[in-house]
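Among the features that TrEMBL reports, repeat 'WD' is placed at 52-93, 183-215, 228-262, 487-519, 530-571, 574-609.
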Amino acid sequence: MELSETYACVPSTERGRGILISGDSKSDTILYTNGRSVVTLDLNNPLKVSIYGEHAYPATVARYSPNGEWIASGDVSGTVRIWGAYNDHVLKKEFKVLAGRIDDLQWSADGMRIVASGDGKGKSLVRAFMWDSGSNVGEFDGHSRRVLSCAIKPTRPFRIVTCGEDFLVNFYEGPPFKFKLSSREHSNFVNCVRFAPDGSKFITVSSDKKGIIYDGKTCEILGELSSDDGHKGSIYAVSWSPDGQQVLTVSADKSAKVWDISDNGSGTLKTTLNCPGSSGGVDDMLVGCLWQNDHIVTVSLGGTISIFSASELDKSPFQFSGHMKNVSSLAVLKGAADYILSGSYDGLICKWMLGRGFCGKLHRTQNSQIKCFAAHEEEIVTSGYDNKISRISYKDDQCTNEESVDIGNQPKDLSLAPLSPDLLLVTFESGVVFLRDGKVVSTIDLGFTVTALAVTPDGTEAIIGGQDGKLHLYSVNGDSLTEEAVLEKHRGAISVIRYSPDLSMFASGDLNREAVVWDRVSREMKLKNMLYHSARINCLAWSPNSTMVATGSLDTCVIVYEVDKPAASRMTIKGAHLGGVYGLGFADDSHVVSSGEDACIRVWSLTPQ
């Protein structure tokens, strides 16, 4: 199996903090982090994605080396990994740099040194080291709290500037670097510092809504960004234009501004960039930015990436987004064009199209967390952790008519009967609830601990899996169940059950890593010994022609079995999703779609391209 497309996660964001995205001017790619992943994304083609997942802890920042061959990335444990930008991302070096989280790092222009800043113990909040040996190249005194940003002058004589939560901007001369002076012009957190490409100036931006420009060699204050048209909220990030004549700033006031910087260091507003499609909520706060060649990139708190053209600032930006958290469920739906709906546990539902990627977020009236998710044609059903089932009608990407009903118990699983659209079955700890037309019509206690559920499309039969590993087959009579059979094979709690599209079979998976395909009429095992995962099975899907079953597991693998062949002749995708596979579907008979803990969605081709 080959990877044919990746729909990338968006950068991890945190309210009240800026994020740092960086890029490689030679290849028009940007770097950002989400969880343990470092994402490399092509600005000209967002489907061109590469993901590095070797950090043991959540990654926080990543930067290209000046020659574009290496990437240095830092994480919350204070570790910096230096690895190859291409091919197999081979690891070159790993250093424990700080005692706490790394918030920023930068290479020197000659590619010999790296400076990193962040959180730590005592005075060790900043460190500069040789990239090949890890040996220190300076002492960085002068900060008493977390250092949010650092920058190294791109021309000789080298200088390092740091800034942080103690409101200070510190200036160091070297190498070896020694403290020279502090500037105390800001009255709140100083969030970001950046040198101009020619090293003649640097700028600091702060939560006090100010941007101050300094001389790059002496740290003498030259001027400020004009306050007349200034930001009305904290400024989180700043980036210089390639020619060093302008800067881009983004702020909690939901705007991005481009400023002209004069030779004497004063900044006058050139234009304010507004991102279309904003809802006016906190998710529209802008927390990261990058000016790369002709691309002006901004990132919102909700993860929307907007790409403006620097040469045509009045042109609407290209925008895309995605998930930030574990994508726990997905459904492949047929329409005018086939599309994918995916839900992450934070309540976000996104729509994707094969070959095109992100097509929009579905805006819900109640943005509750999603635990269970089912969809068909123009209806989505979700359950959260509040005992409520929500039925959402949607058309043309707009959610309408969202209705919630409290079933009085924590939902475990739910299943729709598309040919009997008024019927919905929901399982809870010890039984099942019947809903018709959005109302609870019966609650049945089954006398065993329930874990999984599947209902036939016409709503006449249900299979309910238990904690004891048994499959209970029921016929549905009105609003009650009649037990027809109990199937025993699994040695672990049932985690997922799915009928084949032609309804001749069903498949089940358990927490003891085994899957079984059953014949629906004879109730005999049709395919067994499906024991190739090394951890619990989270999800399962059938191909449209009912000849293949795919399973996804906590062990990060997807395995595809052909029903008419022995289980040993399986196809395996190793490392499909960092942290585990949680959602599976078939786009068609030759493409599997998967989602997982890494907040990404991937499309796999079963036939060589």
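Using the three backbone atoms N, Cα and C, a Cβ is placed for every residue, glycine included.
TrEMBL: automatically predicted annotations, no manual curation.
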Quickly jot the same-chain residues contacting the repeat 'WD' (52-93) by Cβ under 8 Å, restricted to those at least six beyond its ends, or write none.
12, 20, 22-24, 26-27, 31-33, 35-38, 40, 99-111, 114, 116, 118, 120, 131-132, 134, 575, 578, 598
Distal contacts, the repeat 'WD' (574-609) - CB-CB under 8 A, six or more residues away:
1-10, 34-37, 49, 51, 53, 322-332, 338, 340, 342, 344, 352, 354, 535, 538-545, 547-548, 550-558, 560
Contacting positions for the repeat 'WD' (530-571) when only residues 6+ beyond its ends and CB under 8 Å are counted:
1, 329, 492, 495-502, 504-505, 507-517, 577-586, 588-589, 592, 594, 596, 604, 606
Secondary structure content, the repeat 'WD' (183-215) (per DSSP, counts of residues):
0 helix, 18 strand, 15 coil
Counting by DSSP, what is the helix, strand and coil composition of the repeat 'WD' (228-262)?
0 helix, 18 strand, 17 coil
Would you mind listing the long-range same-chain contacts of the repeat 'WD' (228-262), meaning Cβ under 8 Å and 6+ residues beyond its ends?
16-20, 25, 188-189, 191-192, 194-198, 200-201, 203-211, 213, 268-275, 278, 280, 284-293, 296, 298-300, 310, 313
Restricting to the repeat 'WD' (52-93), what is the model's mean pLDDT?
95
How many helix, strand and coil residues does the repeat 'WD' (487-519) contain under DSSP?
0 helix, 19 strand, 14 coil
